[in-house]
Amino acid sequence: MRKLNRTNIPFVYTSILYLAGLLLFLEWLYPVDQVTDTTFIGIFIIYTFFCFFISLIQIKWWLSFILKGFGIVFILNGLYSANSFWSMSWFKEFYAEIAYNIQVLLSRQWFDLSNMFRTLLFLLIIWLMSYLIFYWFVQVKRVMVFSVLTFVYITLLDTFTVYNADWAILRTFIIAFLALGLANVLKEIQKENIQSYRLGTRPLWILPLIVIVLLSSVVGYAAPKLDPQWADPVPFIEGVVNGNGIGGVGVIQKVGYGENDDSLGGSFVQDYTPVFQAYMKEDNYFRVESKDLYTGKGWLNSKRKEFEEQEDGMISFETFTSDVVTEERQLRLDFDERAYISKLLYPYGINQVTTSDENVSLKLNDATGEIRTEINDSTVVLSDYKITYDKPSYPIDQMRESGTPADEDLLEKYTRLPSTLPNRVQVLAEEITANHDNQYDKVRAIERYFGANGFVYQISDVAVPEEDQDYVDQFLFETKVGYCDNFSTSMVVMLRTLDIPARWVKGFTSGEKVGDNVDEEGNNLYQVTNANAHSWVEVYFEGIGWVPFEPTQGFNAPNSYAVDTSTQDDVLEAPEAEPQTPEQELEVPEQEADEAFSPAAKADDQKIEFTIVHGIILAVILLIGIGLVYWKRNQIRTYLLERKMTKRKDEATYQEAFHFVLKLLSKKGFQKEPDQTLREFAVRIDNWYGTNEMAKLTANYEKLIYQNSTNHNVEDEMSDLWKNLIKRILG
């Protein structure tokens, strides 16, 4: 039968094993802030260390419960409340928050859960994992399952999100194999009953395991590797999941500048990783490139990219004609070391680029405006550069008088649309512009349309079109929810249905101004992050060129216009939204926010205090009940076993009852020695208690187990002996 005692493993070894479990669990936390909109990830990591430390030192369960619970409430107060932690106002706020979210859960409105409640659930998961990993790693020493799950988790994130798991995989490999080796050694120690004093307190015998794992990791990392031999399956999988043929919300992406725009749609999370700092006098949109071919799902370029080298940093790309009034400006861009953009970011009217490295060559694609940065025909990422540009002031009178472009190729290229585009898109565009007789006013009418017809800027729960569904049609007539790609693409397509040449442009907004007059030239300092990646519209006006327009709700294109007295009032009538970065959402006035917070918040003060008191009483009763159950757990188990033996008189039941006696004796300090038989152990117990009941119980137990006896007299006698022994032990 199973041994009744095991070698006690020294604390240092269990600590090392549990530390490995902690490090593996941290690999689950590190990517959270990159693949979700979670911030302050450091706080969650600190709480993780706190919970794991409490579990490791194995204090009383009730003290552990209090400490970990206190940590959760303290963190929630620091993150979400302006009230003092010890004030009654905070506890009222916390109670109202819990009450509101419980109602939301019961009504299954999952997306209405508050951020505080989601954080609470996340912290509770960390609390639970500290117990589970202690059980898996320290008590049963089953490390394999969690290690494999960690590998799978990291691999999936690396494949389908922006998270780079190169080092995470290496760390996980080292930690997992060290934990597997140590766990197996410790299980063998317990199995062979090696005395703990022989192990020592210095884990020097683990060094060979560490050396082997580290050596294999270094060799595997440094060894040459073959290039991928199979076709990459990820684009196909992502296409199936995020909407290439499958409708729905799609995979959550991360905001930032990207190359692939052929399948637009789907939600994303914000990324505030810095990209560059701009030193300039006023706001600018930083252009990267344009695309001309709308497919019904996204954007492509109709022709192969051809690049021409630009001499001495002079850029030949022009978006407007010489008839446009300009003013010379200069700006400087300093890029963050984490940024990886091998294309030039530039304002409208770019003339010349000055780089710190004379070997840099600039290559322009005149069709899209894309400017590559290279050294010796190899792509290079510049750390900084200066740009001289002519800031344009677009003449409104001339744009109103602009007619159909004379260049038929240009007109055909930038009014092309897929044959599958639903006709109702054109009908809508004609309705919007019916009261206008010139191209400029029609463009402005479509630009303003989104701000007055229920369209919402939103980055979450953004739909992906079905296989037979058009991206623009879905946005205009079904969802009316989306971000810059939805608004800009829809405006371009509607303009093209009116035979107005337009194209889709992407780049960056100005970001956030963080300093005024920061240098001797009087420039202001702007911080631009991945969250400022953006797309907008350019419309062609004959005799003027390409003019940018901004249909996205909450954004303003920093354009200047040349107007005369008769047209100035009309320009001022154009509704201008407050500047807003993509991460901002509509703010609810404070009073409305208080009213919308929860049903509990709508009640009067007296009712809130009444529910608070009852809630505290309920919590106290619950804690007392839990404490009583724990205090009387042996008596409760005894009662349950008595009932079980009355109803089920079989071998398994009596074996469970006999082992319960051994467990109670072990807690009292009576442990069976490895070389001791059950009968010898029973005599020892009887000598202590001055009875012969343990010997009789053991004899009947052996008869029941080994002789397969079904004598009811034996079973009844065992039940009586068992009850008497339990009373003696618990008494």
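Numbers run from 1 along the shown chain.
Including glycine, each Cβ sits where the backbone N, Cα and C put it.
Over in TrEMBL, the protein carries these features:
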| type | residues | note |
| --- | --- | --- |
| TRANSMEM | 12-32 | transmembrane segment |
| TRANSMEM | 38-57 | transmembrane segment |
| TRANSMEM | 62-82 | transmembrane segment |
| TRANSMEM | 116-138 | transmembrane segment |
| TRANSMEM | 145-163 | transmembrane segment |
| TRANSMEM | 169-186 | transmembrane segment |
| TRANSMEM | 206-223 | transmembrane segment |
| DOMAIN | 476-553 | domain 'Transglutaminase-like' |
| REGION | 574-600 | region 'Disordered' |
| COMPBIAS | 584-595 | compositional bias 'Acidic residues' |
| TRANSMEM | 612-631 | transmembrane segment |
Residue list, the transmembrane segment (62-82) vs rest of chain: Cβ under 8 Å, 6 or more residues beyond ends.
40, 43, 47, 50-51, 54-55, 90, 93-94, 115-116, 119-120, 123-124, 127, 130, 627, 630
Restricting to the same chain and to residues at least six past its boundaries, which positions have a Cβ under 8 Å from a Cβ of the transmembrane segment (12-32)?
38, 41, 44-45, 48-49, 52, 55-56, 129, 133-134, 136-138, 141, 143, 146-147, 150, 153-154, 157, 161, 163, 165, 168, 171-172, 175-176, 178-179, 182-183, 186, 199, 201-203, 206
DSSP says what for the domain 'Transglutaminase-like' (476-553): how many helix, strand, coil residues?
21 helix, 33 strand, 24 coil
In the same chain, who gets a Cβ under 8 Å from the transmembrane segment (116-138) while lying at least 6 residues past its ends?
14, 17-18, 20-22, 24-25, 38, 44, 47-48, 51-52, 54-56, 68, 71-72, 75-76, 79-80, 97-98, 101, 145-146, 179, 183
Sequence-remote partners of the transmembrane segment (206-223) [C-beta within less than 8 Å, at least six residues beyond its ends]
16, 170, 173-174, 177-178, 181-182, 185
What average pLDDT is reported by the model for the domain 'Transglutaminase-like' (476-553)?
92
